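Annotated features in TrEMBL:
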- 28-422: domain 'Amino acid transporter transmembrane' (DOMAIN)
- 59-79: transmembrane segment (TRANSMEM)
- 100-118: transmembrane segment (TRANSMEM)
- 138-155: transmembrane segment (TRANSMEM)
- 167-188: transmembrane segment (TRANSMEM)
- 208-226: transmembrane segment (TRANSMEM)
- 246-267: transmembrane segment (TRANSMEM)
- 287-311: transmembrane segment (TRANSMEM)
- 340-360: transmembrane segment (TRANSMEM)
- 366-385: transmembrane segment (TRANSMEM)
- 397-419: transmembrane segment (TRANSMEM)
Amino acid sequence: MADPPRSEVFPSSRLDNDAGALFVLQSKGEWWHAGFHLTTAIVGPTILTLPYAFRGLGWWLGFVCLTTMGLVTFYAYYLMSKVLDHCEKSGRRHIRFRELAADVLAINTGIGIGAILLAGQCLEIMYSSLFPQGTLKLYEFIAMVTAVMVVLSQLPSFHSLRHINCVSLLLSLGYTFLVVAACINLGLSKHAPKREYSLEPSDSGRVFSAFTSISIIAAIFGNGILPEIQATLAPPATGKMLKGLLLCYSVIFFTFYSAAISGYWVFGNNSSSNILKNLMPDQGPTLAPIVVIGLAVIFVLLQLFAIGLVYSQVAYEIMEKKSADTTKGMFSRRNLVPRLILRTLYMAFCGFMAAMLPFFGDINAVVGAIGFIPLDFVLPMLLYNMTYKPTKKSFTYWINMTIMVVFTCAGLMGAFSSVRKLVLDANKFKLFSSEVVD
């Protein structure tokens, strides 16, 4: 591929006095560290939603959409890494999405809120199993999770999460293996539930359900912090990000397909927004050994702490840019006190929102359509065409344009379908409720 033109597509970045860049986004990592960060950012408990997404698509369309999303996101992230490599070689190392496009703080904060909410649910599940008549409410478990997150949030930099995110990768493999094994065991047993794979009867219902499912899958593949992850790599970052992506997508291949296929195979149209709910019905006995479910819930809980930390880095970087002094040390009193106060307040805000608004099941599809589809399926192709300027007769130009048009249309339809479902479910929403709306 020819070298891109040297014209300034983006404004120059001056990072010498940027405390957010120097402290939070330290460039010390290796390619496998990027792989750990990427896996934590993408492969989370939301993969247990994939059987639910298949409900609106059916077997073959679900498989096609999952494969297409995977191939397109890998291609998009690869293009984005090349754009960032080009910026670095030009002496303009862009390290944040907000230097390239719109501010994505709201998306990442939403993911952080969702992580705290789901972690609170995990604690509630374990508590209910041990104390069926217990009186603690969901918001109390969310408060416990928030307290832990406040402590963990004091880890100073993204690079300092590399060991936590390595464990996160192993945890994602662990709970996926446990859930898949439980589904296969149930499907082959005499207690297997009755399966129904039919789509909605009306044409309009099938269309809306399909686009809602596409939005959910897009949200699951979404990654709102790719430039920040690439910024943690020790320069030169060229080539390292591709290796990190290959590590991440190796984990994606195993976890996404196995969870989607096994869960939908067993529960069909009865698949819940979290397949663990199907294995632990509100009425009747659990459908898998309690030890297996207990371990899976613990693994999910522990990984959610890592996910919450990863997606908080954007907020921390913004805070430190405004509050820290680069002439002082990272752990000097001048910088330590503001970091402690601001990160505690941020986590308290996320915890409060998680407790007050426990209906992220519907919001997940909206975030995918409005947030992740433009960010991950449109923006990388646009930036690549702007930076490398492929000719209009080239295959690269037209494949990028096709992806942008198709996913812009899918995002618009998905946004409409997701908001429609949000409105239909609005009567179920209750502030500070102990019941999480799917």
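We number each residue from 1, going along the chain as drawn.
Glycine is no exception: its Cβ is also placed from the backbone N, Cα and C atoms.
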So are the transmembrane segment (246-267) and the transmembrane segment (167-188) touching or not, going by 3+ C-beta pairs under 8 A with a sequence gap of 6 or more?
yes
The transmembrane segment (397-419) vs the transmembrane segment (59-79): 3 or more CB pairs under 8 Å:
yes
Other parts of the chain folded back onto the transmembrane segment (208-226), taken as Cβ under 8 Å at six or more residues beyond its ends:
38, 41-42, 46-47, 49-50, 52-57, 61-62, 65-66, 69-70, 73, 77, 80-81, 97, 104, 107-108, 111, 199-200, 256, 310-311, 313-314, 364-369, 371-373, 375-377, 410-411, 413-418, 420-421
Which one, 138-155, 340-360, 366-385, has the most C-beta pairs under 8 Å toward the transmembrane segment (59-79)?
366-385
Tertiary contacts of the transmembrane segment (138-155), as residues 6+ beyond its ends and Cβ separation under 8 Å:
116-117, 119-121, 123-124, 127, 161, 164, 304-305, 308-309, 312, 316, 339-340, 343-344, 346-348, 350-351, 354-355, 358, 432-436
